[in-house]
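A.B. asks: So Swiss-Prot lists these for the protein:
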- C568, C577: [4Fe-4S] cluster binding site (BINDING)
- H663: chlorophyll a B1 binding site (BINDING)
- M671, Y679: chlorophyll a B3 binding site (BINDING)
- W680: phylloquinone binding site (BINDING)
- 46-69: transmembrane segment (TRANSMEM)
- 135-158: transmembrane segment (TRANSMEM)
- 175-199: transmembrane segment (TRANSMEM)
- 273-291: transmembrane segment (TRANSMEM)
- 336-359: transmembrane segment (TRANSMEM)
- 375-401: transmembrane segment (TRANSMEM)
- 423-445: transmembrane segment (TRANSMEM)
- 526-544: transmembrane segment (TRANSMEM)
- 584-605: transmembrane segment (TRANSMEM)
- 652-674: transmembrane segment (TRANSMEM)
- 716-736: transmembrane segment (TRANSMEM)
Amino acid sequence: MATKFPKFSQDLAQDPTTRRIWYAMATGNDFESHDGMTEENLYQKIFATHFGHVAIIFLWASSLLFHVAWQGNFEQWIKDPIHIRPIAHAIWDPQFGKPAIEAFTQGGANYPVNISYSGIYHWWYTIGMRTNNDLYMGAVFLLILASVFLFAGWLHLQPKFRPSLSWFKSAEPRLNHHLAGLFGVSSLAWAGHLIHVAIPESRGQHVGWNNFLSTLPHPAGLQPFFTGNWGVYASDPDTANHVFGTSQGAGTAILTFLGGFHPQTESLWLTDMAHHHLAIAVIFIIAGHMYRTNFGIGHSIKEMLNSKAGLVPGTNSEGQFNLPHQGLYDTYNNSLHFQLGIHLAALGTITSLVAQHMYAMPPYAFIAKDYTTQAALYTHHQYIAIFLMLGAFAHGAIFWVRDYDPEQNKGNVLDRVLKHKEAIISHLSWVSLFLGFHTLGLYVHNDVVVAFGTPEKQILIEPVFAQFIQASHGKVLYGLNVLLSNPDSVAYTAYPNYGNVWLQGWLDAINSGTNSLFLTIGPGDFLVHHAFALALHTTVLILVKGALDARGSKLMPDKKDFGYAFPCDGPGRGGTCDISAWDAFYLATFWALNTVGWVTFYWHWKHLGIWQGNVAQFNESSTYLMGWFRDYLWANSAQLINGYNPYGMNNLSVWAWMFLFGHLVWATGFMFLISWRGYWQELIETLVWAHERTPLANLVRWKDKPVALSIVQARLVGLTHFTVGYVLTYAAFLIASTAGKFG
């Protein structure tokens, strides 16, 4: 008899019910629990999958390049990037009638196409790509690279090429290689590409495979580098009237610190970005030589973490930052969940920072004027950030349950956090309650007085502290005259600002009023930022409580023996349902989605006003609840509701359909979240009974006995539907409402 799925668990493979499939899906990624898994084997398998992961990413990027080169309008778009819509790919759909074909024939194509809202056209244009041939070459190169990585993944699973456990556990050499190689050298390579290819292309000089070895990126060559006269590379930058992609107004500088934006493209100066990547490369290559390896020189991380020396030589401290870190080296180095938790937290934070910086300081030429792309990229990165952060806390909780050793960590920061968890959790609870009641109280008060026809009775609070911070960065609108908004202040006159390096470009940008840098803020912003604070603190409260109580609580001291996810400990211990670390993750996901919803609503509505030249609507309507419901959500769903109407369809119809479909998926989630096992078991048994007694239908038999989902599984299915529906609904709303206004 053939082995049944799943191969990784003989126990499950022999289960006669449909549990087999569901539990296999649930434990598929829980490699530690698989049959015959050793620690060494686990590390080797995870290592090999990294190659596969990178190969898939290259394959995906290759497909973007290929489809745009084949079916897109890259060469036409370059000629007029502000007015021509970039095409992602063609649409072949046998259901399309004449109206649909006409509606989706857009962007200068003569067949139905999808418009691209990812910003890849702007990126390729900025980094020096100019022809479809460039795109095809990139696609083929990435395809070859993907094959190399797939082979490398396979190779590292062969007995002779499997790294040993000690290799995986040598933290210092890995850190050196990742810092110097992964970050340092790749940043250096990117700086090289910008200097040798992108900057010349932006000045109308083509650099290709045929001439890149013979074309000097700077007229002085390497002489200034070797003679220490580095300032030459910064002199003669592009002028304010430079036309991107031509030599008109172009300079010769390759490494600058101009600050602000290129006036025509409204993106950061390419020469500033090359300088930035070169600086990053230098820092990280130095950092990659700091840690002790076989040569016995450099820092030992274990010694640093265990050290009790003070900052001043001869003094003592409790440890790094005056906090006890002893025992952390082995705890971290021997727990994949600890490592994954920290990496996800770091990556989640960075992803949110990317969302903020991509619109405030756009790096790609003309992307600032592609409003739908700006909205899509901000929303995309903020959504990814919340999921990464949720994962960080989830794996942190699994670490507490599976990997934490109280003896090894006695008296260090982990031990301390566990010992005063009540204080941490109650403070988070207090601040969430405070923010919730006060923020909602203000919104509800304002809502009521507006409804009663006395809007002048609203409680409106100016965000004076935030305005002070904006002013100190150079925003003069508020008249606060502090730091960079005061030409006589020390911030303004200190070197290198006074040396006219970057300050003028920055001040022009922050005070321009047409970009998204330090937006003008008022009472509506004050209120919504307190709503964000409420949502973030509540999400963190649920996650932190779930992680810190994962090993045990007063109610259930032996919780860690039940693992990361368990439904209840039976009727004998009443009240032990819904308190596993998994349940905290489950509840926190709803709050995280709530948070990212409010954040993206705010960002989008605020920007719609700026882009349409009507900031008054946001300022006036955002201070009360009905303003948000009516003037943001309802008013902007008009395009979606009109996707199909009695007169036929238009190119927003696909988003109208997705909007409806998203609601359907979202609503399906409640079926799993609200009705529980007994209902489903009875329903399944009734359906099976009917099936087995229906002619023809009863010729087909399900081999496994149908069993309802467990409570935890039904929650997971419900949560997944809720999340996917939420994402699809807002994505359709965002793109249709923005594209409907700006094309």
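Along the chain as shown, residues are numbered 1 onward.
Positions of Cβ are set from backbone N, Cα and C atoms, glycine also.
Tell me about the setting of these features in this model.
C.D. replies: Cβ environment of C568 ([4Fe-4S] cluster binding site): T576, C577, D578, I711 lie under 8 Å away, each six or more residues apart in the same chain.
Annotation for H663 (chlorophyll a B1 binding site): same-chain Cβ neighbours under 8 Å, separated by at least 6 residues, are G725, T729.
Note on M671 (chlorophyll a B3 binding site): other Cβ atoms within 10 Å of its Cβ, all shown chains, come to 14.
Cβ neighbour count for W680 (phylloquinone binding site) (all protein chains, 10 Å cutoff from its Cβ): 17.
Long-range contacts of the transmembrane segment (46-69) within the same chain, counting only residues at least 6 positions beyond its ends with a Cβ under 8 Å from a Cβ of the stretch, are 31, 86-89, 116, 118, 120-121, 132-133, 135-136, 138-140, 142-143, 145-147, 149-150, 152-154, 156-157, 163, 168, 336.
Cβ atoms under 8 Å from those of the transmembrane segment (135-158) belong to residues 44-45, 47-52, 54-56, 58-59, 61-63, 65-66, 68-69, 74, 124, 129 of the same chain, restricted to positions at least 6 beyond its ends.
For the transmembrane segment (175-199), the residues of the chain that approach it from at least six positions outside its boundaries are 126-128, 207, 212, 215, 217-218, 254-255, 270-271, 273-274, 277-278, 280-285, 287-291, 293, 301, judged by C-beta separation under 8 angstroms.
Sequence-distant contacts of the transmembrane segment (336-359), counting only residues of its own chain at least 6 positions beyond either end whose CB sits under 8 Å from a CB of the stretch, comprise 42-43, 46, 368, 374, 377-378, 380-382, 384-389, 391-396, 398-399, 402-403, 516, 603, 607.
Listed as Cβ neighbours of the transmembrane segment (423-445) (distance under 8 Å, sequence separation of 6 or more from its ends, same chain) are residues 417, 458-459, 461, 527, 530-531, 533-534, 537-538, 540-541, 544-545, 548-549, 623-625.
Listed as Cβ neighbours of the transmembrane segment (526-544) (distance under 8 Å, sequence separation of 6 or more from its ends, same chain) are residues 390, 393, 424-425, 428-429, 431-432, 435-436, 438-439, 442-443, 461-463, 466, 584-585, 587-588, 591-592, 594-595, 598-599, 602, 622-623.
Within the same chain, residues 359, 375, 378-379, 382-383, 385-387, 389-390, 393-394, 397, 525, 528, 531-532, 535-536, 538-539, 542-543, 545-547, 549, 618, 622, 628, 632-633, 715-716, 719, 722-723, 726, 730, 734, 737-738 sit at least 6 positions outside the transmembrane segment (584-605) and bring their C-beta atoms closer than 8 Å to a C-beta of that stretch.
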A.B. asks: Report, as a single number, how many Cβ atoms besides its own are within 10 Å of the Cβ of C577 ([4Fe-4S] cluster binding site).
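C.D. replies: A 10 Å sphere around the Cβ of C577 ([4Fe-4S] cluster binding site) contains 14 other Cβ atoms.
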A.B. asks: Give the number of CB atoms, excluding that of Y679 (chlorophyll a B3 binding site) itself, located within 10 Å of its CB.
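C.D. replies: Summing over all protein chains shown, Y679 (chlorophyll a B3 binding site) has 12 other Cβ atoms within 10 Å.
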